[in-house]
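Only one structure is covered here, and it is reproduced in the block below.
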Amino acid sequence: MLIIETLPLLRQHIRRLRQEGKRIALVPTMGNLHDGHMKLVDEARARADVVVVSIFVNPMQFDRADDLARYPRTLQEDCEKLKKRHVDFVFSPVPSDIYPQGTEGATYVDVPGISTMLEGASRPGHFRGVSTIVSKLFNLVQPDIACFGEKDFQQLALIRKMVADMGYDIEIVGVPIVRAKDGLALSSRNGYLTADQRKIAPGLCKVMNAMAEQLKAKELTTEEIVALAEQELNDKGLRADDIQIRDADTLLELSATSKRAVILVAAWLGQARLIDNKVVELAE
């Protein structure tokens, strides 16, 4: 496994791989890797000749400086995990290589509509930062496929739209959420939880699953389901932040023609903002 830190060296290897006709898979990450990331790597490994994992804590997608500063940087441990998964290249650039003039005046990629709804409404600029760094990585790595986790449901939808709109010839692979035995979705931010908070955290998944059953039963309105979920989260010791039930294919409000719904939940627990989602098939 080769660790690449500079753009010229990355371009040199990508040029060679392209000349050799290799199929390249990209797994973009911000590091602090866990089993959920490893699932992405395994999926990439099964689909391509060469796997490139990027590790870059992207300053453009953080809406708070303190959140950026405390995001865990664990490059050495991450590389050890990736080596065991037979990753070919780790691309770990410094911010000045990605944003030579800083992030304030940098050229950016914005995906209208989807960037400012839902999570985007509560985190201004976040999705613009995501689409910009992913676009940069696509241009640098030139992958045939790229793997993203379904835990970040809106992010995956945003990337699919960006790829379609920009004409990228890249297959986007969504990989199912990896959960702990108690149902908590794996996340780098789970590391912010204390031992006591970790015991409370699975309540988010339990409330979400209850919402799914209520939605299938069709006995309550979506507004009633959301209100009950907010109360239940608060009763369990979490602080409800944003709970939505949307059309899974458009992320718009549910309509009579919606075939699938997605439940999107976000709640605070101590210093950690936990998110999760669940897709529900709607009966005819």
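Cβ atoms here come from the backbone N, Cα and C positions, even for glycine.
Taken straight from Swiss-Prot:
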BINDING   30-37, 149-152, Val178, 186-189  ATP binding site
ACT_SITE  His37  active site, proton donor
BINDING   Gln61  beta-alanine binding site
BINDING   Gln61, Gln155  (R)-pantoate binding site
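The Cβ neighbour count for Val178 (ATP binding site), using a 10 Å radius and every protein chain shown, is 18. In the shown protein chains, 21 other C-beta atoms lie within 10 A of the C-beta of Gln155 ((R)-pantoate binding site). The recorded positions close to Val178 (ATP binding site), defined as a CA atom within 10 A of its CA, are His37 out of His37, Gln61, Gln155. DSSP assigns Leu33 (ATP binding site) to coil, not to a helix or a strand. With every protein chain in view, the residue among the binding-site residues Met30, Leu33 whose Cβ has the most Cβ partners within 10 Å turns out to be Leu33.
For the pair Gly36 (ATP binding site) and Gln61 (beta-alanine binding site), the Cα-Cα distance reads 20 Å. Taking the C-alpha positions, the distance from Gln155 ((R)-pantoate binding site) to Leu33 (ATP binding site) comes to 18 Å. Looking at Gln61, Ser188, the binding-site residues in this record, the fewest other C-beta atoms within 10 angstroms of the C-beta turn up around Ser188.
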